[in-house]
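Enquirer: This is the structure, below, for whatever I ask next.
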Amino acid sequence: MTATLLFRNGTVVLGNGRTSDHLHVAGDRVVARLDGAADRVIDLAGGWLLPGFVDTQVNGGGGVLFNDDPSVATIARIGAAHARFGTTAFLPTLISDTLDRVDMAMRATEQAIAAGVPGVVGIHIEGPFLNPARKGTHDETRFVRLNADAIRLLGSLKHGRTMVTLAPEMCSPADIRALVAAGVIVSAGHTDADYETMRAGFAAGITGVTHLYNAMSPLHHREPGVVGATLENQEVFAGLIVDGRHVAPAALRVALAARPHDRFMLVTDAMSTVGTDADHFVLQGKTIRIVGGVCVEEDGTLAGSALDMATAVRNAVTMTGVSVVEAAAMAATAPAAFLSLDDRGPLQPGARADLAWLDAALAPRGTWIGGVPLAAA
């Protein structure tokens, strides 16, 4: 028998700027109405019910990093840690590593999706096709050039979405077109490309920009760089790490003023400490410490984040002045569109019942994936 739910006494963000005071769920889907009384009524207590968050950049959580052990168990543990904070779909993210490790991570992702691990919808391969000049915390000794064998590997995922972050100046437009033809979602990141090269990358099929502003050529009045090319473009999706440290709040507001809000995605770039009380971790042999809520190397280089999506939504509201409705779109609708997850994002009849309940102060209270509660107060 299909379980039915009624959410009431709060603000339900349906998507596309619309809200309601209630939501009906039957089984794993949102429905327009129920035939009879709901099996369970959830009192939102004046809080918010948002579309479940979709995070395209999740390096770790729950005390584990994907790079350390790219396995089904690791993916499940990461997903469970982030579900506590409203994330209902995510891409486990592999930081630059060997192509053998990339292969291992892709096969683990296939297996996790086939096994029904909650939340996993694909993989994000961030490198190793990056520019050493903008390496950030990545290990440049693992960087390689994109070639035909790598393109075949990157296009080999049998289940879910494959997102690849690369530096467009380190490959050719033909390489980018070949990735897109293989079904890969291509994003620019860790790149020192100039404005013209970035525009050529967009024309070749790049549809995303990984953590805008960070690890890329900046906007200069005589050389607009990757940031300038992105702010000018009204179509590509750009990720933002909204923790107040990766990008200054004023720079966030500049970006939001320049282009449509529905082309920005909140991302965490989360490391293993999310969902734990750990104050440090080891990334590819380097000790990373949490200082003031930020992950840093010994020399102060930022190394991912300790951010969760509920905090990212709250920060977006407080730091940029966007509404909760707009922040929800950046956390759910935009990344779902970027990944072509057609039944996620807006809470319209027929959509998956992936839901994030936040209280009036935007603190997480509960999470449902496909109508099943995974985390609740």
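Here the Cβ of each residue, glycine as well, is placed from N, Cα and C on the backbone.
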Enquirer: Going by the substrate site in TrEMBL, where N214, A215, R222, H246, L302, A303, G304 are listed, which of the candidates T109, T137, T141 is also part of it?
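Expert: That substrate site, as TrEMBL gives it, pairs N214, A215, R222, H246, L302, A303, G304 with T137.
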Enquirer: Kindly point out which candidate in H82, H159, H190 is recorded by TrEMBL as part of the Zn(2+) site with E126, H211.
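Expert: Within the candidate list, TrEMBL flags H190.
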Enquirer: Any idea what DSSP makes of L302 (substrate binding site), helix, strand or coil?
Expert: strand
Enquirer: Consider each pair of residues in T137, N214, A215, R222, H246, L302, A303, G304, all listed by the record as binding substrate, and report the largest Cα separation in Å as a whole number.
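Expert: Across T137, N214, A215, R222, H246, L302, A303, G304, the two farthest Cα atoms sit 30 Å apart.
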Enquirer: Cα-Cα, whole number of Å: T137 (substrate binding site) versus H190 (Zn(2+) binding site)?
Expert: 10
Enquirer: Which binding-site residues from the set E126, H190, H211 come within 10 angstroms of H246 (substrate binding site), judged by C-alpha positions?
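Expert: Those near H246 (substrate binding site) - Cα within 10 Å - are H211, in sequence order.
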